[in-house]
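What Swiss-Prot records for 289 is active site, S-palmitoyl cysteine intermediate. For 259-309, the entry in Swiss-Prot reads domain 'DHHC', with the evidence type sequence analysis. Taken from Swiss-Prot, the feature region 'Disordered' applies to 215-255. Taken from Swiss-Prot, the feature topological domain 'Cytoplasmic' applies to 1-87, 133-136, 187-302, supported by a curator's inference. Marked as topological domain 'Lumenal' by Swiss-Prot on the basis of a curator's inference: 158-165, 324-331, 375-409. Annotated transmembrane segment per Swiss-Prot: 88-106, 110-132, 137-157, 166-186, 303-323, 332-352, 354-374, in sequence order.
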């Protein structure tokens, strides 16, 4: 009896953890896993205090401290929402604010337009190499692309259409082209062909869950040079895929080592590769495209090419309509470089500035489209081209525009 009585306290122990309380609209779980409130966004930031102290005392600030400050700001920048405050990705904000400002400033004078329109690609390339070097995902370029489409269409409706040179049919064609671009981008943003691990029992993940897991993986590896952002994406997939991974190849040990992905714990099939930015393997991976913030692989390559083609056609058509309105009786090519009186009024100056901005963006997209067509004709992917250049096994043709890898025919 005494033994049974002594075991009673053991039975009373609770093994189940208490359920988490629901979050109010201003509460959230921060990157440390603790409950926080948006009202305390300016409180208890040791890294920011240290940075201000070092700035006041004219001392140098370590890059790691700057990264921690930016991570803290990014984590605390939230808006109240149902069931908890939602995080706002700060990389989407600069295009929304700076693009209209730059374009309006560029329309004040011809020289200002030259300076601004020259500096915009330079700043975009600088930001690209900065994020590419750190192997981070960013919504900056996706935000820039979508907002550019919307803002160019807005300027067209406000400044070009009222002049009476654009008919209803032409406006309808341009509008349909814009919607087709958005549909193609939506298709290209879907699963590019992620590989699944047969040994994993995880269920399929949605695109939003995959993006969330990728962000968690990035937060875990920030500040550690050379760390890959696989994070919690290992052994996970966005789609149940029977072609996900192959068995161990029967070739040489070197070949088996090359095909094995230590991050995803699977054997990659031919032409698949692990994306260090997305943190997962992709079938027939071509490249990671910052304009869609996703990889381009087997499943979305056609949609990516289609989006580029529709964008080029729509952009050229919109540029032609605008120049025909503000620079009458001149060819499109002549009006680009010689349009007398275009800066006489602000409306035509803004339209002309937006035309040149569209020309710059269109030229960049045309280059990407041309490279894609060349790679398709040579039956190679962009990753295979870059790998051949690094290993010095490829031959440059046509001033480097074409690269013959010598691997696939």
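The backbone N, Cα and C atoms fix where each Cβ goes, glycine too.
Non-local contacts of residue 289 (active site, S-palmitoyl cysteine intermediate) by the CB criterion (under 8 A, 6+ apart in sequence, same chain) comprise 295, 296, 304. Counted as Cβ pairs under 8 Å, contacts with the transmembrane segment (110-132) are highest for 354-374 among 166-186, 303-323, 332-352, 354-374. According to DSSP, the residue listed as 'active site, S-palmitoyl cysteine intermediate' sits within a strand segment. Long-range Cβ contacts of the transmembrane segment (354-374) within its own chain (Cβ-Cβ under 8 Å, at least 6 residues beyond either end) map to 103, 113, 117, 120-121, 148, 151-152, 155-156, 286, 304-305, 308-309, 311-312, 315-316, 318-319, 322-323, 336, 382, 401-402. Each residue of the topological domain 'Lumenal' (158-165) gets a DSSP state, and the totals for helix, strand and coil are 6 helix, 0 strand, 2 coil. Outside the transmembrane segment (166-186) by six or more residues, the chain places 146, 149, 153, 156, 160, 292, 303, 306-307, 310-311, 313-314, 317-318, 321, 325 with a CB less than 8 A from a CB of the stretch. Outside the topological domain 'Lumenal' (158-165) by six or more residues, the chain places 171, 321-322, 324-326, 328, 347-348, 350-351 with a CB less than 8 A from a CB of the stretch. Sequence-distant neighbours of the topological domain 'Lumenal' (324-331) (same chain, 6+ residues past either end, Cβ-Cβ under 8 Å): 160, 163, 165-166, 338-339, 342, 348, 351-352.
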